[in-house]
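Over in TrEMBL, the protein carries these features:
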type: REPEAT; residues: 105-139; note: repeat 'PPR'
type: REPEAT; residues: 171-205; note: repeat 'PPR'
type: REPEAT; residues: 206-240; note: repeat 'PPR'
type: REPEAT; residues: 241-275; note: repeat 'PPR'
type: REPEAT; residues: 276-310; note: repeat 'PPR'
type: REPEAT; residues: 311-345; note: repeat 'PPR'
type: REPEAT; residues: 378-412; note: repeat 'PPR'
type: REPEAT; residues: 483-517; note: repeat 'PPR'
type: REPEAT; residues: 518-552; note: repeat 'PPR'
type: REPEAT; residues: 553-587; note: repeat 'PPR'
Amino acid sequence: MILRARGLCRLTPHRACESPRAFSIQSPDSSRLQLCPEIVESTASSCPSDTIALSFFLWCARQPNYFHDSCSFDRMIPVVLRLTDRFGSVREIVREQQAVGCSVKAQTFMVLIRVYWRGNFYGRALEAFDEMIKQNYVPNTYARNMVLDILFKVHHFDVALKFFRDTRFPNFISYNIVLSNLCKSSDWLGARDVIREMVKKGFHLNTGSFSVVLDCFCKAGRLMELLQLLALMIVSGKQLTVAIWTILIESLCQAGQVDRASTLLGKMVEHGCSPTVMTYTSLIRGLFQAQKFNEVSMLLETMISNKCSPDLVFYNVLIDCFSKARRFDDAIDVFLCLGDSRLHPDAYTLSSLICTLCSSGKLRLLPKLIAGLDVTADLVACNSLINGLCKAGFPFEAVEAFVNMVNMGFSPDNYSYAGLLNGLCMSGSIENAVNVYNTIVVNNPNVDAYVHTVILNGLVKRRRYHMAIRLFRKAALQNYCLDVVSYTIAINGLFRGHRFDEAWHLFEQMKHFDIVPNLYTYNVMLSGSCLARDMGAVKQLLKEMEIAGVDMDHTSFNVIICLLIKLHRYNSALLLCRRMCDLGMVPNRITCSLLLDGLVNISVEELYDLYPKLAYDFKNPSFVDNSPSDLQSDLLVCSAN
């Protein structure tokens, strides 16, 4: 049999039954041809079987002064995988190699381990390592390093560390594997100990190793350890790279030393290192946190003059920082600049924009701002868009966004379904919402409680109380995932439907099922009891709240004050109102109006003299209007969180 390699060489068998080790590589003039990856690849690909191809690959690996490169190992991955599928185990592959006359040595297992390792078939690599030991071969440090890397990658952290300690002659790569994985797991203490051990054993860390550990210290907020390691790096004669300068600047910003970080940026330039967009991003975030907005503007001008082009991360950070500083118009302007920079918003950009619009009260601008934009789509971005459109009051657009998401091939999750149900309920498509909900729970009975909460909340808001209760009863009967918020909304629906006894029964039932009522639950119960003008029930609830350690909030006070006024118990209402103000809480306008209307024998001026804190709040233009009807929105927010 003759195998040609690009027409330059041939394998000439000395004996038909021998392995490729018995072959000699000859050129047309019979002089020995030196091996190279191209010849090896061409010859292996021309082999009539995978067994012979592997035998030839192993034979080449044993030739003096020849070493397979990484690409050669990668090209052997499909060959070895086909052999694995055919023979079922590493042991049988080795036996087949012996059957065709290929001598099996330690190097055979080394090659198999490396092929499996590079192909990410870690279980097979570990199998080859175990088989190597069973054949009485002692794995060298290189083989152990591959296994060490695999153990970390399959998340056997403790086993990996023990394996490392059992390695008799660990080299720099061994330590570096451990060091990088400790840093990935944010174990800065372990990383510090490994660094000390490496220095003690005389290993010289390279710049990459220093960078990895410095970044770990930075993320852990360990500025002192970072500076100590930086000193070691300088003493070792290593030059500071741009990445290391950036890490140091970010660490100083995290420690609140923004002025030192700004000074360091100047020194970085003096040493001939040009700051990157990452460097500017870290410092700008620090300046925002220190509320040094003038310096932010100056730094932005410097960045532009140095022709450092912003990336998407930079814009995302800028939007987030402007929003947190309540400079909403600036945040929106930054978002609009994305188009000029030919950058496509991602999920984080969209989420930041929605938060900005919510905080600024301009959420209705969302459809206009994203119209025509090519948003980098992922599931998070789609969910943010769907829920943002619902909050902005565009339910039809939210439903359309859900349909587009599905058409793009994304599989909806709980937040996707919640956004769809919310949009359908808001748009008045109650029947469609219920049908979609029933389809969801049939296909996924273990759906999150938030999905149940959204449909119940939507039905109660649309005053479809009986339908909401039917769905809740069915969900409870089917043992679906219901939480305290689901129960609270169902109780609220019963109260609003004037089914007071059923509401109390459900309240007792949830406690029987070990679902602990929260403040929202008690507020709904107080509101319902006040609606029924049942003062005895109110007293019972207040006593239960005291025992449970649940403190009243402004809603609790307001609903009770309103009930006292309706029962013409004005003095009690006034005393409770004063207590509420003493606790730093604010009555709403409805409560104060009722209180003033009820106190016919007291003028407004006398009321102001008696309760100046109440008078100030009532006159204040920014008076908070917290009426009992706000409970519904509070409940849904609580559920989402």
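The backbone N, Cα and C atoms fix where each Cβ goes, and this holds for glycine too.
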Six or more residues beyond either end and a Cβ under 8 Å away: which residues meet both conditions relative to the repeat 'PPR' (206-240)? 176, 179-180, 182-183, 186, 188, 191-192, 195, 199, 247-248, 250-252, 254-255, 271, 273
What is the number of residues in the repeat 'PPR' (206-240) that are helix, strand and coil, as DSSP sees it? 26 helix, 0 strand, 9 coil
Average pLDDT across the repeat 'PPR' (483-517), rounded to a whole number: 91
With a Cβ cut-off under 8 Å, give me the same-chain residues at least six positions beyond the ends of the repeat 'PPR' (483-517) that come close to it. 449, 452-453, 456-457, 459-460, 463, 465-466, 468-469, 472, 475, 524-525, 527-528, 531-532, 534, 537, 548, 550, 631-632, 635-636, 638-639
Under DSSP, the repeat 'PPR' (518-552) has how many residues in helix, strand and coil? 27 helix, 0 strand, 8 coil
Could you give the number of helix, strand and coil residues in the repeat 'PPR' (105-139) as assigned by DSSP? 26 helix, 0 strand, 9 coil
